[in-house]
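First comes the structure, then the notes that go with it.
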């Protein structure tokens, strides 16, 4: 990360409070285990992203102290999420805050979901390379409705994360990238998503957090 002349991407990851994240995993995990799994997925996502030569910096924006400490240990910059409670669009607001900071360093910004435990560095690298052909582009999730990554080269991100975000990003003019990147597309919302990630092969932190679960 940041060690070569081709490193020109400022990567942004927004993370909720761990206690509020991935509530659809609650039927299979205790609260403590669910928080540990969410944190582990963030660690594996940041670790994979940091291995991509094009990535100049990684910025994690979060209100969670534990997630912040883990991100710092991996070399990411951490921004405290200033979004007030009750904000109508907290995720996109957090991304916008981080984007303003990152754009002071580079005009090329990529938002990545923080729950991609099966992400392979080459997948993200290939998506970034494909995205360079467009000002704004995105990678949808494996279900075709969500967004795993949003890329912007020299223009604003205009993030539309949330319900049906793939459709919203498409309607906003972002180009859909269609590469075969199963780990990049496998963000985790449900137990079935986690099973698919394990089939693909999760990172070391997630594997440890899931030890004993079948």
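Any Cβ shown, glycine's included, is placed from N, Cα and C.
In TrEMBL, annotation is done automatically, which means it is predicted and not curated.
Here is what TrEMBL says about this protein:
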type	residues	note
BINDING	147, 162, 165	phosphoenolpyruvate binding site
Which number gives the other C-beta atoms within 10 angstroms of the C-beta of residue 162 (phosphoenolpyruvate binding site), all protein chains shown included?
-> 13
Once the chains shown are all counted, how many other Cβ atoms turn up within 10 Å of the Cβ of residue 147 (phosphoenolpyruvate binding site)?
-> 27
What are the non-local neighbours of residue 165 (phosphoenolpyruvate binding site), defined as same-chain residues 6+ apart in sequence with CB under 8 A from its CB?
-> 145, 146, 147
